[in-house]
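Chemist: Attaching a single structure in structure tokens format; questions to follow.
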Amino acid sequence: MNQNSIRIKIKLAHNPYEVVIKKNGLARIGEELKKIGFKKATKVLVVTNKDVSVHYGKEFIHNLSDNGFNPTLIEIKAGEERKNLATISDIHNAAYTSRLERGSLMIALGGGVIGDMTGFAAATWLRGVSFVQVPTTLLAMVDASVGGKTGVNHPKGKNLIGAFHQPKLVLIDPITLKTLPEREFKAGMAEVIKYGVISDKKLFRKLEDAPRLDKLETLTDRFLLEIIQRSVQTKAHIVELDEREGGIRAVLNYGHTFGHAIEALCGYGTWLHGEAVSMGMIAIGQLALERNIWNISDLERQRKVLCQAGLPTIWPRVCAEDVIEILKSDKKVKDGEINFIVPTEIGKVEIIKNFTVNEIKQALQKLASK
């Protein structure tokens, strides 16, 4: 494995692109844009937040300018509680002020929330302009930046407003993880663990064998590159099979159905997305155990790895009836039935939709009593 640069092709019929994992990649953004056909003088709107901008904004803009692009940077307030149409309007206002045209470009420089909102703003500005993902969090690197899902939250649920809009490029620079708060790093590890549970036994065993997963400094560069690469490859393969989530792509939502309910009920921003997904994985694991689909040994293996990553595994104090009401408005509801992504063994899940309200209540009540 080339430790300095890894390229993973996302082979879609109409919108193929590459995920480039490159050490010090931020300093090569201009060159990477030229490689995929963007010309000098192209107007570029870089969307980021204050925390990321402090560390990388100035160098990033200078590199774009030095390569002949015409960049503007906008800082928005990030966080799930700001992931709404009001913030999209702020990005659109910046696009208008910058005179972005159909041939212009938006770049998301930040975490998953920045990527989701920038992608949606790009999808809806002038009926669609190009955008590029430059994720700076582990969660965004392995999950949110790949696959073309963009959108914002609605008061009644997470990501209910959105569009599929594939990026032209995803540029991952692992160096940015050095400035990532520890809590954010741990939250991102939830998505890595998810890939192990749904599809990649080898990745799961690798995570199990690590003494701890909650601190960046305890992981070697090689280990970090490998888990990012394996996660992206898993997602790439699934997205290639099902770009618009008509079938198999739904497995990527493992842990998310209950996780989204936790975020909505506890208030966006109370739990980080990865933390909510961790608790969601615990919940669906319990539901699978109650149905005798999953065994207690694998349930415990999942719990231990989540604990190694410093992630929450205790179900929060939320009313089971309220959870069920949120579940009914989930994007994965089809013909009035909730599609659950259910583990059957480590490395394998199934889509099951015939769980009764009683089964869900019993599983949640059992979790609440632990």
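Using N, Cα and C of the backbone, Cβ positions are placed for all residues, glycine too.
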Chemist: Among Lys149, Lys168, Lys186, find me the residue Swiss-Prot lists at the same NAD(+) site as Gly112, Val113, Ile114, Gly115, Asp116, Thr136, Thr137, Lys158, Thr176, Leu177, Lys178, Thr179.
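Modeler: So the NAD(+) site in Swiss-Prot includes Gly112, Val113, Ile114, Gly115, Asp116, Thr136, Thr137, Lys158, Thr176, Leu177, Lys178, Thr179 plus, from the candidates Lys149, Lys168, Lys186, Lys149.
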Chemist: So if I measure Cβ to Cβ from His273 (Zn(2+) binding site) and keep only same-chain residues at least 6 apart in sequence, which ones fall under 8 Å?
Modeler: Glu80, Gly112, Leu139, Ala187, Gly259, Glu263
Chemist: Based on DSSP, name the secondary structure state of Thr137 (NAD(+) binding site): helix, strand or coil.
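Modeler: SS state of Thr137 (NAD(+) binding site) = coil.
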Chemist: For Thr179 (NAD(+) binding site), which DSSP three-state class applies?
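Modeler: Assignment for Thr179 (NAD(+) binding site) reads helix.
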Chemist: Cβ distance under 8 Å to His256 (Zn(2+) binding site), same chain, sequence separation 6 or more: which residues?
Modeler: Val277, Gly280, Ile341
Chemist: How many whole Å apart are the CA atoms of Leu177 (NAD(+) binding site) and Glu191 (Zn(2+) binding site)?
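Modeler: Approximately 15 Å lies between the Cα of Leu177 (NAD(+) binding site) and that of Glu191 (Zn(2+) binding site).
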